[in-house]
Amino acid sequence: MAARRVLKAVLVDLSGTLHIEDAAVPGAQEALKRLRAASVMVRFVTNTTKESKRDLLERLRKLEFDISEEEIFTSLTAARNLIEQRQVRPMLLVDDRALPDFTGVQTHDPNAVVIGLAPEHFHYQLLNEAFRLLLDGAPLIAIHKARYYKRKDGLALGPGPFVTALEYATDTKAVVVGKPEKTFFLEALRDTDCAPEEAVMIGDDCRDDVDGAQNIGMLGILVKTGKYKAADEEKINPPPYLTCESFPHAVDHILQHLL
């Protein structure tokens with residue numbers, strides 16, 4: 001492990017890293033307290049599109065995580081930012097619980113398609129409506145393209161397969177705004193006043209969390225919780241800076257070796 005400049009910021013994934021649905025990863029709350037006691041800024045980054053930022057924050061606080069809304073950067077926020085920049089009227093293929101994060105966005109007579117994780121809306125009629133909009137030239141905005149995610153009952157399809165289906169059917173390419181896009185990580189770091197080389201990312205997804213972060217110069221720590229499967233660390237090049245059992249182990253390493 002190469003020597004690094006002093007670490008200034010830690011980005012932490014949420015689902016699969018700190019919690020799995022309504023259960024915290026064992027020891028995660030105490031580990032977060034120890035990390036906060038160190039001379040480092042902590043931010044939370046997530047591709048979760050199943051609920052609004054406020055609902056997500058409420059879930060985390062019920063699990064006794066000490067987190068403020070300003071510390072969370074979500075792919076829903078990144079999607080809204082792009083919608084406003086492009087001044088489009090999106091067809092929102094997102095979970096109903098995520099809609100509060102799009103309050104005020106004009107959706108009448110849509111001229112764009114925004115797709116996140118929306119299991120109840122991924123049926124033929126709505127997907128075909130999106131298909132026709134794309135054929136007419138509407139841009140496709142993917143909140144993220146995760147292949148799958150972890151639920152209490154096992155792994156489940158993410159939005160990625162549905163985004164890819166629309167890309168294939170319409171011969172178009174989605175603009176992706178969430179992890180592992182470089183712009184997502186840079187936006188998440190913007191208020192920390194530190195360079196990517198002065199930050200580390202902790203997550204359970206080797207591609208979206210670790211590879212995405214390392215591609216902009218951050219360190220990437222892969223945890224074996226959430227969606228992690230055996231040998232995931234061998235799927236990316238370069239491999240993760242560190243692969244460890246869980247978030248508390250990642251915090252131990254940071255406190256002992258990076259600060």
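Easy rule for this one: first residue shown is 1, then count along the chain.
Backbone N, Cα and C define each Cβ position, glycine as well.
Annotated substrate binding in Swiss-Prot involves Asp13, Leu14, Ser15, Thr46, Asn47 plus, out of the candidates Lys152, Lys173, Lys179, the residue Lys179. If you measure from the Cα atom of Asp13 (substrate binding site) to that of Asp204 (Mg(2+) binding site), you get 8 Å. By the criterion of other Cβ atoms within 10 Å of the residue's own Cβ, the least surrounded of the recorded positions Lys50, Lys179 is Lys50. A simple way to gauge crowding: the CB of Leu14 (substrate binding site) has 22 other CB atoms within 10 angstroms, across all the protein chains here.
When the binding-site residues Asp13, Asp204 are scored by other C-beta atoms within 10 Å, Asp204 scores highest. Sequence-distant neighbours of Thr46 (substrate binding site): residues of the same chain at least 6 apart with a C-beta under 8 Å from its C-beta are Asp13, Leu14, Ser15, Leu56, Ile72, Phe73, Thr74, Ser75. Same-chain residues at least 6 positions away in sequence with a Cβ under 8 Å from that of Asn47 (substrate binding site) are, in sequence order, Thr74, Ser75, Ile143, His144, Ala146, Gly178, Lys179, Asp208.
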